[in-house]
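Here the structure is laid out as structure tokens; the discussion comes afterwards.
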Amino acid sequence: MSTTPPTEQRPLLILGAGVIGLTTAVRLLESPSSAGRKVHIIADHHSTDGLDARYASSIAGAHHLSFADDADKRQRRWDMRTFRVLYEEWRKEGEACGLMGLTQTEMWVGSSKHLQIYEEHPDFKVLEARDAPCKVDHMVSFTSLTVTPSLYLTGLEARVRSLGGIIHRAHVGSLHDLATLPFLSLYSILPAAVFVCVGLGASSLLGIADQSVYPTRGQVVRVRAPWIRSGYTRQVGSLAGGEGGQRTYVIPRCTGDVILGGTREERDWDPYPRLETAKDILCRALDICPELEPPHARAPALEAGEKTLEAAWAAEMGEKEEKVKALEEVVVEHLVGFRPSRVGGTRLERAEVRLAGEIVALIHNYGHGGAGWQSSWGCAEDAVAIWEGKNLPKL
Ligand SMILES: Cc1cc2nc3c(=O)[nH]c(=O)nc-3n(C[C@H](O)[C@H](O)[C@H](O)COP(=O)(O)OP(=O)(O)OC[C@H]3O[C@@H](n4cnc5c(N)ncnc54)[C@H](O)[C@@H]3O)c2cc1C
């Protein structure tokens, strides 16, 4: 006979402490249906750890700039819901929480259309493409947000703790390990549900081993440029749901740092930055945002018309080369991260597993690719609704 207490008395477990695991934990702890239950998080990486390519949330840019195709109503709903939650937080708390509200300019080469979702943002405008700093075919602007991941993740962890959540550090090799003594000693009773928020970890975690999950390598450069307070992106070629074409971005953060990117290299596990890629990113970033050049390098000589020796030398080297050199002076670090991509997109659904003879619900919430920050709250709310057996909106 089973000695496990009834489901409603058993704890709930979240695997993963990236933006997906932490937002899911907050919504779960806030829900009246979790009253009286313990909520535990288990993860390898935590918000205060150093940056790690396998901890995508720590490396991300991160801006709210949806990739949702016009017909992808599910993604549009997650992204817009998340925008509203983050916008309200920024409005109430200001930049201390790691969010920055800003004007975002999005440019396209090879397309004269923008994604419809941008029209739902405040201050949406179609701009004249000829006014762009580089040759583009279409340009729009609207109000959006950027995140400083370290600040926001630390704030989320604090919220989880203040709501009574318990956070542990451990690596889970297999779902079956969760019913063994080392793990049972963390939560005493076998959990009623496991929320699987492990990002790229879903490809190797036994019991899931989802072979449709793969890394999309992204390399970025962090520069110190507090004079930049607006965001810019340029998409060349088809966006293909966020996975296609070449994308260049300038993402200012509330800390005065700016993230310049990027690359999308599917199934590339190289965690080290490549110098030639970094230089290409700086060149592309200057194309779409010439103001990145540090103010001192842009200042004209005092004597109009008179060229210093250095300026004459710079002219010889080529103006662009000189601008990249000036930008290199404010580089803080080069970073690489793996977006947790998945063929078919995010997996957000209920399943189950038998552990030590008991049925345990699995709520999958992983595989967000390059859109985990901007869809986090929307996905977290759906994950909790699925656990609670509520119907999601019919789309
Ligand atoms: C360069 C770059 C730029 C990006 N820019 C943006 C952007 O501008 N906007 C945006 O929305 N998104 C962006 N993203 C994507 C975004 O970062 C991810 O979609 C998001 O962080 C995924 O969050 P996650 O919590 O699912 O995964 P992660 O942040 O990777 O967290 C996974 C968690 O699971 C834990 N875990 C995994 N396996 C195990 C295991 N077996 N046992 C224990 N713990 C485990 C890890 O330790 C970690 O705590 C970017 C990503 C990159 C790399």
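Using N, Cα and C of the backbone, Cβ positions are placed for all residues, glycine too.
Remember, it's a predicted structure, so these values are computed and weren't measured experimentally.
The Cβ of Val172 (FAD binding site) has Leu15, Ile42, Leu178, Phe183, Leu205 as same-chain neighbours under 8 Å, each 6 or more residues away in sequence. Positions annotated as FAD binding site by TrEMBL: Val172.
Per TrEMBL, the feature D-dopa binding site maps to Tyr249, Arg339, Gly370. On its own chain, Gly370 (D-dopa binding site) has Phe67, Thr216, Gly218, Gly242, Glu243, Arg264, Arg339, Ser341 as residues at least 6 apart in sequence with a Cβ closer than 8 Å to its own Cβ.
Residues annotated as domain 'FAD dependent oxidoreductase' in TrEMBL: 13-383. Mean model confidence for the domain 'FAD dependent oxidoreductase' (13-383) is a pLDDT of 95.
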Listed in sequence order, residues not in Tyr249, Arg339, Gly370 with Cβ within 8 Å of the centre of the D-dopa site Cβ atoms: Ala60, Gly61, Thr216, Gly218, Gly242, Arg247, Gly261, Gly262, Arg264, Gly369, Ala371
Neighbourhood of Tyr249 (D-dopa binding site) by C-beta distance under 8 A, where only residues 6 or more apart in the same chain count: Gly61, His63, Leu65, Gly231, Tyr232, Thr233, Arg234, Ile259, Leu260, Gly261, Gly262, Ala285
Annotated binding-site residues Val172, Tyr249, Arg339, Gly370, filtered by Cβ under 6 Å to ligand 1: Val172, Arg339, Gly370
